[in-house]
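Feature list (source: TrEMBL):
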{"type": "ACT_SITE", "residues": "Asp37", "note": "active site, proton acceptor"}
{"type": "ACT_SITE", "residues": "Glu209", "note": "active site, proton donor"}
{"type": "COMPBIAS", "residues": "192-202", "note": "compositional bias 'Basic and acidic residues'"}
{"type": "REGION", "residues": "192-211", "note": "region 'Disordered'"}
{"type": "SIGNAL", "residues": "1-20", "note": "signal peptide"}
Amino acid sequence: MLDLLLVATAFFTLLTNAVAFPPPEPCTGNCTGYVHDPSVVRRNDGRYFRFTTNGRINIATAPSITGPWTYQCPALPKCSKINIKGKCDLWAPDVIKVDGKYYMYYSVSSMGSKTSDIGVATSPNMECGTWTDHGSIGIPTGSWNRIDANFLSISPKSTGYMLWGSFWTGIWQARMAIPPLRVVENVKTVHLEQNTTKRPENRPTGPSEGGFQFRWRIGNKDWYYLFFSSGGCCNVPPKLAPPGEEYKVMVCRSDRPEGPFVDKRGRNCATKNGGTLVYWGQGNTFAAGGQGVMYDGGLNKVVMYYHYIDRKVGYAYEKFKFGWNVLRFGNDGWPVVVPWDRKNVRRDDGLEREAVDETFPRTADVD
Ligand SMILES: *[C@@H]1O[C@H](CO)[C@@H](O)[C@H](O)[C@H]1NC(C)=O
Ligand SMILES: *[C@@H]1O[C@H](CO)[C@@H](O)[C@H](O)[C@H]1NC(C)=O
């Protein structure tokens with residue numbers, strides 16, 4: 001068993017070392033601290049809003065994804081209306097613009113607990129003091145944990161897709177009513193992702209969480225990507241996750257928003273432990289995850305942002321850093337993290353041009 005494990009670990013190390021992942025791109029200002037599970041939205045006027053886990057959801061703003069980031073305020077100073085443990089320590093915000101209004105989904109939970117729920121607040125412009133809490137969105141209880149919400153809107157006139165789930169039975173999806181304040185009547189839950197692979201050292205079975213849906217057009221076809229974080233998110237020496245078991249970003253893909261999702265090798269992500277590695281911290285970068293993906297109209301690039309540990313700064317929870325990288329969708333339609341080409345901030349290929357002009361203004365991430 002140990003031998004097998006060693007072989008598996010060595011193989012993973014080989015695999016991941018074969019691909020060099022660029023380090024996080026520059027970030028200035030407030031980039032360290034309570035920046036877990038970021039959600040970034042670029043407003044029409046070019047101002048960037050960053051929402052992060054803890055407290056009453058931290059809002060920071062910047063003129064660019066690179067910063068300088070300035071902390072502004074808690075989004076929900078009066079806590080959440082959802083009256084369970086954690087209502088004043090909210091997690092995993094997800095902000096999206098739908099039909100001219102900003103929706104912020106958030107989780108109320110506590111470490112290791114399945115007594116959780118997802119709530120929503122709305123704002124006309126994302127500024128401090130403008131967020132109105134509406135409480136629970138009404139996802140039923142089940143084998144899943146109701147945390148880590150992410151909403152995909154196809155159009156304000158159709159029922160969009162709410163994603164949630166973590167740790168227990170992976171990632172799930174359900175349709176939202178119009179406007180997206182609640183799940184639809186007689187809601188049906190769809191299982192999109194689960195990893196049942198046995199992990200070393202009696203660790204819990206392949207936790208996956210922080211799912212994020214991203215739509216991208218390649219040629220004339222819209223593809224739906226399911227990004228998620230897999231592995232152990234938070235640990236400090238000497239109990240660091242062994243190689244291959246650290247937090248990392250995986251992706252699956254489908255030609256329909258409700259799946260089924262498969263990985264690059266064609267493995268089903270709900271039933272066959274599928275998932276293709278997108279980002280794995282190397283060198284001083286460790287345990288990157290809690291990611292989101294947006295088309296960044298400022299850089300004219302698709303950007304993936306996330307939190308990570310900088311080994312030089314420390315592993316403690318309050319030392320986490322905000323990171324981002326450019327994603328490129330290759331000819332095969334799979335996203336790859338590439339170094340940011342600063343000299344070339346103008347649109348530099350057809351895919352991006354298409355997104356600027358047509359495909360993406362329908363969703364909030366492309367303001
Ligand atoms: C940076 O932002 C965090 C919230 O993400 C906040 O707790 C902290 O006070 C901010 N630091 C400064 C120096 O503004
Ligand atoms: C599934 O879990 C195994 C064991 O923890 C891990 O090595 C692998 O990377 C995971 N795969 C996905 C797709 O998350």
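Using the three backbone atoms N, Cα and C, a Cβ is placed for every residue, glycine included.
TrEMBL entries are annotated by machine, without manual review.
The Cβ of Glu209 (active site, proton donor) lies under 8 Å from the Cβ of Ile147, Asp148, Gly165, Ser166, Phe167, Ile171, Phe228, Ser229, Cys233, each of these being in the same chain and 6 or more residues away along the sequence. Counting only same-chain residues six or more apart in sequence, the Cβ atoms lying under 8 angstroms from the Cβ of the residue listed as 'active site, proton acceptor' belong to Thr52, Thr53, Trp91, Ala92, Pro93, Asp148, Gly210, Gly290, His307. Under DSSP, the residues of the compositional bias 'Basic and acidic residues' (192-202) split into helix, strand and coil as follows: 0 helix, 2 strand, 9 coil.
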